[in-house]
Amino acid sequence: MLGICRGRRKFLAASLSLLCIPAITWIYLFSGSFEDGKPVSLSPLESQAHSPRYTASSQRERESLEVRMREVEEENRALRRQLSLAQGRAPSHRRGNHSKTYSMEEGTGDSENLRAGIVAGNSSECGQQPVVEKCETIHVAIVCAGYNASRDVVTLVKSVLFHRRNPLHFHLIADSIAEQILATLFQTWMVPAVRVDFYNADELKSEVSWIPNKHYSGIYGLMKLVLTKTLPANLERVIVLDTDITFATDIAELWAVFHKFKGQQVLGLVENQSDWYLGNLWKNHRPWPALGRGYNTGVILLLLDKLRKMKWEQMWRLTAERELMGMLSTSLADQDIFNAVIKQNPFLVYQLPCFWNVQLSDHTRSEQCYRDVSDLKVIHWNSPKKLRVKNKHVEFFRNLYLTFLEYDGNLLRRELFGCPSEADVNSENLQKQLSELDEDDLCYEFRRERFTVHRTHLYFLHYEYEPAADSTDVTLVAQLSMDRLQMLEAICKHWEGPISLALYLSDAEAQQFLRYAQGSEVLMSRHNVGYHIVYKEGQFYPVNLLRNVAMKHISTPYMFLSDIDFLPMYGLYEYLRKSVIQLDLANTKKAMIVPAFETLRYRLSFPKSKAELLSMLDMGTLFTFRYHVWTKGHAPTNFAKWRTATTPYRVEWEADFEPYVVVRRDCPEYDRRFVGFGWNKVAHIMELDVQEYEFIVLPNAYMIHMPHAPSFDITKFRSNKQYRICLKTLKEEFQQDMSRRYGFAALKYLTAENNS
């Protein structure tokens, strides 16, 4: 320590020299710039313009002064370089001193003593600034439960990833819903240097369920109290965040504050920015005990190792039991209990500067915390009103939040150069598959799309459905893009059963969809519709990937494989459930065909029965689907027979057959090599046939295709010759793969293709 401080004195002496040399020089020059008490300009031209006494000798003197000034400046620059080298060699007892250093404004915890010690020159740390190593992993814990909170977490994570320069390890205390959503999201996001671990929140309920809580977060709002018990025993420190947090700076700056903790300080918190704990918000307002204004727990720095040694579990439980005898319940969930503990043990807390948790609650005084934008580091939307909270600067905060809400998450897949990362099997396999492709191949983009991993957010809106107990339930499966959004309400009116939809959207479009859905009474009244967002990437519409995502996340034993442009007949849901029993789909390989028709009219009086449909067919109001452009697609359905059929009938597979079918949920997936327009359904029906599915046409079922503008992909198919060539190549490769997988049984498809 003596050597450290001796080096410090040398450093201070050198610094004083750096300051004194230019100061003395400028005093000399300044005094020499006066003649007879009047200022004399050092500029020869200015002097000549204003002084009649300008002479050649005085010009030489001033030129010599200017030369001397330049020499002094060169000496100063050299001295600065020496000082910077000396500072770089200065010994330090802090870890990671070779890495990036974050200098921060002090919090109030022991800050006066620290400043006094530095001024006195006898600080034990010699004024060393806190540091975070370049590749040090930052640990973040978040409690998340339910569908809405899962959406909020994504925005929080985006804001953290946008600014971060360090590896991150997220510890998510999640219920089964949030775990399913977020596990899929992070797995498909594939962000380098990010690790995610999940902890079952449902198993922790018994730890806090005995505490009555009036806060809107419910029982999950108390789970931060048990983090010392939940998180790994070898984890020493963690940043704990609420889901309604937005970062405006690098989280490493906050992580660096841990180095400022002293003595028994184990909690880093920002003071509450409302008068809640002062008890003067309304008459007879009785808050939980708190130190002054109390502290907000939206952002917490936890020293887990010290908390465990202090027996934190016992400490907060005893405090909660004692206070609940008088308070009966908590109003602000875990925050009330944290504050009650701090009231009794103020030495536990290190008060963070208020910009680490700028609170936008209903009664906030947070505007006193910041002066300009540069002061903001963390924004906390801690009001039930969220973005609708009243604040004179709320428009600025809202725009900052919306920036990350709509930010393209694919752009956050950037590498942290210079930091070794754990090998990710999925990422390595993807790179291997891509490296095997020939980039000079004219169909390279088509082939690449098959291996593209699209970021996926399951159950974007609240979903709640229990399949019927009789095991006949059927889910309608479809996929769509933003331009087909208007079909959702109509489909929901025609189909009362469960629906699974995969939506291909950008981040910004996902928010537009959210606003659209929340503004629709029809959609908000339905909780049995699963909306799964597959985020845009690449130039093709991944139609079969979308179908697979929607198929994979159904909870019923059967599914109706439809398309978003079709309206099913009224009552089709119940009719299909009866047909499942009638045709014994549970024990046989059958694909029930729903005959497809179309109209060219945007306003259609939808037929209520088969008789009405046949009448409209005869009048030319309806047509069999694609009869005029792609007859082969649905011709095997045998519409002539269907007109008079009263019982289900079997049809045989033919080339290019692509009906809409009802099958068991264990049927084969769609082949991902087919993207955009062409052969995506044909290939699937071919695979059903080779697996010996029977195609059964339902006599009293129908669906009608509604008119719409041509899609971008069909336009490319029609106008781009290379597109059609690549599609043909993919078809041939698919048929070859079928022959390899199914052998002799697949030969008929090659023959049928040659004859068609």
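The backbone N, Cα and C atoms fix where each Cβ goes, glycine too.
What Swiss-Prot records for this protein:
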type: TOPO_DOM; residues: 1-10; note: topological domain 'Cytoplasmic'
type: TRANSMEM; residues: 11-31; note: transmembrane segment
type: TOPO_DOM; residues: 32-756; note: topological domain 'Lumenal'
type: REGION; residues: 43-69; note: region 'Disordered'
type: COMPBIAS; residues: 44-58; note: compositional bias 'Polar residues'
type: COILED; residues: 53-95; note: coiled coil
type: COMPBIAS; residues: 59-69; note: compositional bias 'Basic and acidic residues'
type: REGION; residues: 81-109; note: region 'Disordered'
type: CARBOHYD; residues: Asn97; note: N-linked glycosylation site
type: CARBOHYD; residues: Asn122; note: N-linked glycosylation site
type: CARBOHYD; residues: Asn148; note: N-linked glycosylation site
type: BINDING; residues: Asp242, Asp244; note: Mn(2+) 1 binding site
type: CARBOHYD; residues: Asn272; note: N-linked glycosylation site
type: BINDING; residues: Asp563, Asp565; note: Mn(2+) 2 binding site
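Within its own chain, Asp563 (Mn(2+) 2 binding site) has Ala478, Gln479, Tyr660, His705 as residues 6 or more apart in sequence whose C-beta sits under 8 angstroms from its own. Note on Asp242 (Mn(2+) 1 binding site): other Cβ atoms within 10 Å of its Cβ, all shown chains, come to 25. The glycosylation sites examined here are Asn148, Asn272; by Cβ neighbour count within 10 Å, the least packed of them is Asn148. All protein chains shown were included, and the count of other CB atoms within 10 Å of the CB of Asp565 (Mn(2+) 2 binding site) stands at 18. Summed and averaged per residue, pLDDT over the topological domain 'Lumenal' (32-756) gives 83. Rounded to a whole number, the C-alpha distance linking Asp565 (Mn(2+) 2 binding site) with Asp242 (Mn(2+) 1 binding site) is 41 angstrom. Cα separation, Asn148 (N-linked glycosylation site) to Asp242 (Mn(2+) 1 binding site), rounded: 13 Å.
Residue pair Asn272 (N-linked glycosylation site) / Asp244 (Mn(2+) 1 binding site) shows a Cα separation of 16 Å. Under the three-state DSSP scheme, Asn148 (N-linked glycosylation site) falls in the helix class.
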